[in-house]
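> I'd like to ask you about the structure that follows.
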């Protein structure tokens with residue numbers, strides 16, 4: 001079976017969904033920009049040699065509809081002979097895109113794939129056109145379709161206080177801002193055209209979603225966003241609404257070596273699981289455990305974790321049940337997470353994996369694990385092993 005390697009991993013800056021940098025930029029353009037950038041950064045790869053493109057996107061309608069993967073590839077002037085498919089596993093879409101490509105390579109059906117994902121939540125809101133089947137209420141609580149209420153449920157089940165949530169959210173912003181200031185994101189962010197507050201065209205090379213002024217004290221004044229009577233989850237402890245894309249160049253190790261391209265990491269294992277929709281945010285726990293089992297590793301073997309921060313109330317129970325509460329500041333989301341950077345649904349799986357790979361290189365780490373919860377009760381995880389140059 002072929003070894004699957006990540007040769008390159010990049011992303012756009014994360015733009016605010018409400019009047020942000022990409023308010024006049026379409027999702028297809030964000031995607032095409034990264035496809036072109038991957039090829040420009042790796043000139044040894046001919047575009048005609050790409051076997052397939054897998055692109056995650058959740059709200060596949062309006063500008064994100066009609067197979068956005070193919071539309072973006074055509075915009076990027078990738079040869080017409082290269083196919084492309086859009087993948088949807090809700091929040092896990094672009095990580096699923098990675099898994100799909102990896103399996104193609106493992107089985108010998110492909111040698112080279114572009115993967116990634118995009119979501120423009122400013123142009124296509126998360127709830128746009130959603131119409132749940134009435135019969136679902138026979139099997140699933142209606143509140144299970146309301147992500148904030150599932151986070152409230154988890155916080156109550158696991159004893160996660162409002163104070164713990166506020167502290168974690170403040171940490172996310174502080175770490176993301178520190179990473180920005182230190183240049184830690186420089187190798188992953190591709191400068192991307194947008195418009196400033198005055199409508200002037202500008203190249204953005206930083207995440208505009210981060211709020212460096214965030215404090216626990218300020219967060220403590222916010223009202224509950226989903227359960228106004230007894231809730232603890234606020235807008236400040238939830239992932240921000242943002243627009244963005246992320247992408248990776250995935251190859252068989254043999255093809256990468258043949259082209260003289262240095263692999264950055266191998267995919268050691270992959271896992272996806274289902275869980276109770278009412279606690280959808282718990283999915284990373286069984287997904288991570290399954291991925292670790294497949295890799296022949298324990299949580300203690302993992303040097304760095306990237307766990308998508310859908311809500312502080314959601315990620316903290318996952319950290320707790322993976323036995324990592326005492327290691328948060330050494331191992332988990334060292335450059336902040338979705339609370340500070342936002343969670344463009346179809347983009348996030350590739351985004352957290354990209355950030356993880358860069359952190360693994362900076363920290364000289366051997367193993368990293370990226371994982372995320374998925375709406376309606378699923379979890380997805382990937383274990384990466386760094387390839388020494």
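Start at 1 and count along the chain as shown; that gives each residue its number.
Backbone N, Cα and C atoms are what each Cβ position is placed from, and that goes for glycine too.
According to Swiss-Prot:
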ACT_SITE  91  active site, acyl-thioester intermediate
ACT_SITE  343  active site, proton acceptor
ACT_SITE  373  active site, proton acceptor
> Which chain-mates of residue 343 (active site, proton acceptor) that are at least 6 residues away have a CB under 8 A from its CB, listed by sequence?
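For residue 343 (active site, proton acceptor), the qualifying residues are 91, 239, 240, 241, 242, 308, 309, 310.
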> Cβ distance under 8 Å to residue 373 (active site, proton acceptor), same chain, sequence separation 6 or more: which residues?
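When sequence neighbours closer than 6 are ignored, residue 373 (active site, proton acceptor) has 91, 280, 281, 282, 283, 284, 308, 310, 314, 318, 379 within Cβ distance under 8 Å.
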> According to DSSP, collapsed to three classes, what secondary structure does residue 373 (active site, proton acceptor) have?
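SS state of residue 373 (active site, proton acceptor) = strand.
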> Just to be sure I understand the packing, how many Cβ atoms besides its own are within 10 Å of the Cβ of residue 91 (active site, acyl-thioester intermediate)?
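Other Cβ atoms within 10 Å of residue 91 (active site, acyl-thioester intermediate): 32.
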> Could you say whether, by DSSP, the residue listed as 'active site, acyl-thioester intermediate' belongs to a helix, a strand or a coil region?
strand
